[in-house]
C-alpha cells in the first residue's frame, strides 16, 4: 500500500471512530462512508448501497464487502477519471475499507459466482431472521389497536429499516446476477412492493402511497388528488411515458411530457397543488362521498388567487388573457392552467424575481398548450422540444429552452456589477428585467424566445474593457444614480410643502404688524413662483435621473417626462415674470396684478382639483369614471405616471380621515413651535444685522460686508432652518408614542403584568381561553343560571386543562421551572366525578391550613364563612377537600365504614344548614383530624402492600377515635354511640378492616392531590420564580383577553409554512466550544451557568444529576448531548430556532387530537404526539423549511454544522432542509459545474434522505445572498401563508397555540383590501445580559410594539422589517417573492417585501396578541456593525425605485408617514448631527470674522430664544429622548407606572444617553457615506455571548472615521469658539449653548471604552497600548489584513471612494477645514490690524515650512542608509533652526506664545484637509509619487488622535473604583438578579471541570 493510501486509511479509520463514538451527539453517520460526493449523488443507489452495507456489516462482513465493491464499481462507471470534487478521496477511502474486509476474509481468490450465491443465501437468512412475513402485519395490528406506544414506533422503524436493506440487496442481486431463481425473483419483487414507504416523499406519498401515512386517508386530500387525474379532454400520452405503478396518470404528467419539466419539480408541484386544493376544500366543507370530489368554489378560489397577478397584467397591457371567458372554463381546465403556472414558477429559479416575466411565459405556453389540446395524442411543445422526444424522466427541456436564456443574460449583468462596486446605472438588475414586461414592447421577444433581441444582449465584461465602462443595454424606467438628490426627487411634495410653509410663516413673522397691506399680500403671493420653481426643479431632476434609461423606456413615459419639463419650465418663467411685474405695479387694481391673481387661482385650482381627484380615497371612483374623457385622462397621466405597480394605493375614507387627523395635529404642533420659538424671535435681530453697514471685520472679507452681512444672517438662521426640517420627526415621535400608548391600552395590553394578577384572574382563564383559542363547543351553553354557570365553568376548565398543562410541561422541558413548581402549576383534568372545578395547586397551597386556623379562631359559623369567602381560592380549596375526601373515603371503605362516613357528612350538612356547626363540632381540634387524614392519604397514595394496608387501617381507626372523642360534641357523640351497627362492628374489630385500595387512575390522582393540599404549607405566591417563565405566562394569559379572531378547527384552518434562511452560523454548540476559555479565562458554559443558575440546576435535575454536579461528571453521551442542547437553547443558534418553530406542529397535533375526540375524552391529551391522524393533520397544515445554502458543501467538507443539522432532522421528523448542491462533473474533457436545489429529510438510519432534486440554470447567487437563499428554497414551502423567521429567533408552545387565530386575520376586515402581511410582535430575549443589550432590547421592543402598532393603524403604512411577519404566501410568490435580491440596492432585502406589497395593492397589519422571540446583538461593536448595516441599507433605499414610487404615488399624509418611518428617520438623524456642525461653524464664523464681538457690543442679539429652542430640540434628539419617549410609554403600558420610572432612571444611570448619542454618529456616518459612495454590504455581526474585553486597536479601527475624527472636529470648533467668540461675561451663555456639542464629542470619543468590559483595568490598558503601537507601526504588504497593520487598514478605509463624483464631493466637503487657518491667522498679534490677503498667503509659507520639517524628520531610512550621519546632522540642524526662529520671533516681533498655540490650532485642520483631499485623489497622488508622504502624514494624525483618546482612558485606569463603577454600570441587570459578573470578568473560574 502506498504511503498516500496508508495515510488516507488512517484518516478514514479516525473518521469512522469519530462517527461511532459521536453517534448520539452527531447523528448516525454511516460508518462505511459519511458522504457521497455531489458529482456521484445523482445516482442515488450508491448512497443506499453503502447504508445497507453499514446496516449488515456486523451480521456478515462479507456481504458488506460485496455491497461496497458494487458501490465502488458504480462510482467508477460514473466518474472513471475521478475528476469530480471529492470523488478521488471517496473512492480511495471506500477502497481502503474494501481492502480491510478482504484482509479479514479467508485466503483465496474471489469467486464472483460464489459471492452471488452468498448474497442470495444472505437474502433468505435476513428475511427469516427479521420475520419479514409477519413484520408488517404486527405493526398493522398494533396501529389498529390504537395503542400509541413506543412499541409501535419501534416496529415501524424496524420495518422500514429491514425493507430498505432488502430493497438494496435485491437490486444489487439483479444487477450482478445474470439469472435469479424464479422463486427468489418473486420474493424480491414482493418485498420491493412492501418497501413502498421507503421511497422518499415530503408530506403526502403521492408517488408511493403507504398505509402508515394517514394524510392519504383524508377525504379532502383524496378529492384533490382525484381532481388532478387525467380528464377526457387531454390528449393521450405515449405508451412508453413512465408513470409510477402506484398511481394513475394526471394532468401534471401531461404537462411534464409536453414541456419537458423536471421529474422532481413536477412531483414537488404536484404535492404543492394538492395541498393548496385540499386545504381550500377543508375550509369549505369535508367531502363525505365514497369518492370525494372537490367543490368548484375551492378550485375557483385557488385559481383566481394564484393567477390574479396574471389577470391584472393582461388587464394593464390591454391584452386578452389566455382564456376568452373565465366563466366558461370548467374546473379541469382551471386546474390545468393552475398546474402549468406552478410548474413554470417551480422551475424558474432566479427568474422567480421577475413575476411579470413569468406572466409572459405562462401567457405564451398556455396558447401553445391550447394547440396541443386540439390533438388526439400529446406531442412535445415546439418551445421546449426535448432532445429525447419521449420526454425524459429527468428532462430539462423547459429549463434549457425557456429559463436558461433569461438566466444567461441576468447572470451576465449581475457578473458585471463587479461584486457590488459598479454603479447601479451600469448594469440591469432584477427590477429592470421585470419592468421590461410592463409594456407591449416585450412581445417583440416572441415565442419561442427571439434571442437575437437586444433584450438578450449580454454586456461586455467590465474587466475586458480598458476604460472600465461596459457597453450595456440601458436600464428600464428608472436609474439608481448615487446622489442625495433622490431625497428631493422622491419626496418633493414634502420639501415643497415645508419650504412654502417656512416662507409663509417668515412673511407673517416679518409683517406681523401689517398683515393686510398690499406689500404683505404681494409677499404672500410669492408662494406661487416658489411652488412652480420647485416643481420645475423636480421635473429637471426627472430628466437627469432618467439618464441611462431613455433608450429602453417606453416612448410614452419619456414623452411625459419632457412634457412635464416643458410645462413646469414655461409655468415657472411665466408666473415668475408676472410676479415680478406685479411687484412693480402701482396698486392692487393693476391689470398685471389681476392677471397674476387669475393665473395663480386657475393654476392652484387645477392642482387642488387633481390632488383631490387622485389622492383622496372617496374620489377615486369618480376619477376612474372620468377616464373616458381624453382631457381628464391626459391630465391624470401628466400628473402621475401609470406604472404596473403603484396603482390604486388608497385607503377607505374612514382610515384616510384617521391618519389625516393625526397629521393635522402633528403639523399644527410643528408649525406653532416653528413660528413662535424659531422664526418670530429671529425677526428683530435679522433686521438689525441687515441694517448694520459699518461692522468691522477682523479678516479679509469677500462676501458679507457689502451684502447686508449675508453670512452673519446665514449663520443665525442656518441651525434654525436645519431644526425646522427635522423637528417634524420629533413631533411625529411624541404624538405617535402617545397614540400607541392609548391604542395599546384599548387593546388591553399589560393588564396582567405580575404573578399577583395571574393568581387573581386565574379562574377567568378557562372561559377566556374557550372564547379566544378553542373552537366552539356544542355542550357549552350561554345560560347564566347558577347551576348552568357551574357546569359551564367545569366544561371550560376541563378543556383548558390539557393546554395549560402542556404549556407548563414545556416550561419544565426548557428548564425554566423545577419539578415541584411543575407539580404546583399543573391543572387537574376536571373530567372526573367531582362537579366543582379543580384549580392548580399553586392557587390552593396552604389555603387549607389557613382555613383551619380561621375555623379555630372564629366564634361563629357566619364569621368562618365570611373570612373564608374573602379569598376565593381558600373557598375553592375547602370545598374541594370537603367533597374529595368524602369521595375518597366512600370509594375506599366498605360496609359500616362507608355508612359512618356518609353519616358524618350528613350531620355536617345538617349543622351547616341549621348554623350549629360550633355546637355540634369542636373546630378548635380540626388539626387532629387533618393530621390523621394526612397520614391516611400518605399511605393510600402508595402502591398496595400488606404493610401499607395495615397502616391504612390503623390510620382510619385513629381518625375514627379523633372524630368520636375529640371533634364531636357530647350531644353529637351520643348519636353514634347508640348506633348499634357501628358500635357492634367496632367492638368486634370489623370496622375498617376491609379496604378497597384506590387503583383507579382518577381516584389515585385525587388521593395524591388531597395529600398535597394538606401537606404543602408554604405559599406559592412566587411560583414560578424564574423571570422568563413569569413573563411568558403573563403574556399568554393577558392575550386571552385581547381581541383575537375566533379560531377554526385545525382541519379548517389556513395552512402555513415557516421559512428560515441559514448560512454558516452556530447550529449547536460542541463541547469544545462550550468549554474553551477566552483570554479572560471564561468559557461559554461557565458564563451560562452564572447567568442562568436556576435553569442550570433545573437541567441537572431533569437529567437525574445532583444540583452540585459539574459538567465533567456528565460522562454518558445522552447527558453530553442534552448539555449541548441546553447551552444552545440559551444562545442565538439554529437549534433554538428549530425547537421553537416545531412547537407549531406540536400545538397543532394537540389541538387536532383533542378536536377529533368526543365527549369527556376530548380533555385527555395523553398520547397525542403518537396519534397518526394528529400528526398527519399537523403535517397538512404546517411545514418547516430551513434553507441551509451551503449544507452540501458542509457535508462534503465534513463540517460539524452538517452533522448538527442532520441531528436536528433526526429529532424533528417534520423538519425539512433545503440546500444548493454544487456538482462538479466531467463533460467533454472539462470540469462542468451544475447546481441543484435539493430538499432532504431524516431517514430511518439517521442520515438525510433526498426528497427532491431540481436542477438550476446556473449559480443561484446572482444578487444578495439571503434573498437568493430564500428564493431557491421557496418552491419547497407549502400552504396559504409563510412566516419568515431568522435563525436567531425563538418561539414558545403557548404562542404556537394562537397561530390559527392569527391566520384568520387574513379573512378579517382590515380596510379596503385584505391583509397580505400580518405583523407579529417580538420579544427580545437577549435584554438581560448587559446594559447595552437592554438598551437595544428596549429600543427594539418599543419599535416592534408601540411603533408598529401606530404604523399599522391608523397610519396604514407599516412595512415588513425583517421580523417574524406572516405573508400571504400565494400573493407573494406570484409577485416576486418575499424579498428582493438585486445586488447592493436590496441589501436590506426584507423591507422591500413590504414596499412591493404596498405597491401591488397589498395591506400590512400588526397584531400583538402573539409574539415570537428574537435575539439581538449584545456588544457595542456588534451593535455598531448592525446599525451600520441598517443605515447603509437605508442609504441604498433612498436610491431605489420602490421608495421613489411610494414617495410619488402615496397620498400626501401616508407619504409623510412612510418617509419619517423609513429613510426620513435616518435623514433626520443626519440632520441632527449636521445641526451641530452648522451651529458651530456659524459660531466659528462669528468669532473669527470679528462680527460676533461687534454684535455683542451693540446688543443686537439680546434674545437667544430661537437659537436656544433649536439647540434644545437638537440636544433632545441627540441624547435619544425621542427614542426614550416611546420606550417609557411602552414601559408604563406593560410594566406599570412605578416600574417604568424605575427602569428609565436605571437606564440613565447606565449612561443610555451616551449610547444613544454614539448610535447617532453610527447611523449618520453609514447613511451619508452609502449615499455618497456606496459600499453598503451585509455585516455578519456575530451572535455570541459578549463579555470579553475588546482591544483598543480594534475599537480604533472600527470607530476612527465614523466617530473619532468627527468628534475631534467638533472639539476644534468648540475650542475656537471658546478662544475667539466668548467673553468673560458670556461663560454661562457658552456653557448653555455648547453643552450638547461637548456631550456629543465626548460620547463619540469614549463610549467604546465606557462600554468595553474591563475597559479601565490597568493591566488590560497596558496590553492594549502595546498592541496598538505594534499595529500602528507594522508596515503592510500583500496579504496583510487591516487588523494586523495600520497601513493595510488605512488602504481599506479609502476603498469606498471610487467614482469621480465621489472624489469631487469629498474635496468640496474637505474645504471646510481651511476655514480654521483663514480665520485664526488674522487673530494673531503678529499681524496687528492688517486684514489684507497677504497675511493668509504668508500663513501658507509657514505651513509649507512645517511640511518641509516633517519631511526631513520622516525621511525614509531605507533611502538614507548610505548617508545616515548627514541625515542626522541635517535633522538636528533643522530642529535647532526652527526653535531659534520661534524664539527670535517671540522676542523681536509681536508674536506671542499664545500665537504659537493658535498656529497649531490653525494648521492641524489644514493638514487634515489636505490629507482628506489627497485621499480622495489617491490615483493622481500615486502617479505623482507623493503617496508615501501622504501616508506618513496620515499615520502621524492617527497616532496623535489615538494618544489623545488613550490618555484619559489610561488616567482613569489608575483608579480602581472607575473599573468597579464601569462593571456595575454595564452589568447592572445581571447584578440585580444575583449574578457574578465580577467573577466572570476576573476569570476566577472555580469550575474544575473546565
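Backbone N, Cα and C define each Cβ position, glycine as well.
Listed ranges 448-468, 469-489, 490-510, 616-636; the one Swiss-Prot annotates as transmembrane segment is 490-510. Going by the topological domain names that Swiss-Prot assigns, residue 641 and residue 1827 belong to different sides of the membrane.
Swiss-Prot assigns the feature transmembrane segment to residues 1540-1560, out of the candidate ranges 1540-1560, 1561-1581, 1582-1602, 1666-1686. Within the same chain, the transmembrane segment (1631-1651) packs against the transmembrane segment (1839-1859): three or more Cβ pairs sit under 8 Å, each pair at least 6 residues apart. Ranking 1458-1478, 1769-1789, 1796-1816, 1839-1859 by CB pairs under 8 A with the transmembrane segment (1610-1630) puts 1796-1816 at the top. In this model, the topological domain 'Cytoplasmic' (744-1457) carries an average pLDDT of 88.
Sorting each residue of the topological domain 'Cytoplasmic' (1534-1539) by its DSSP state yields 5 helix, 0 strand, 1 coil. Distant neighbours of the topological domain 'Cytoplasmic' (545-560): 425, 436, 439, 441, 473-479, 481, 485-486, 489, 637-638, 641; these residues of the same chain sit at least 6 beyond its ends, with a Cβ under 8 Å from one of its Cβ atoms. Sequence-distant contacts of the topological domain 'Extracellular' (582-591), counting only residues of its own chain at least 6 positions beyond either end whose CB sits under 8 Å from a CB of the stretch, comprise 518, 521-522, 525.
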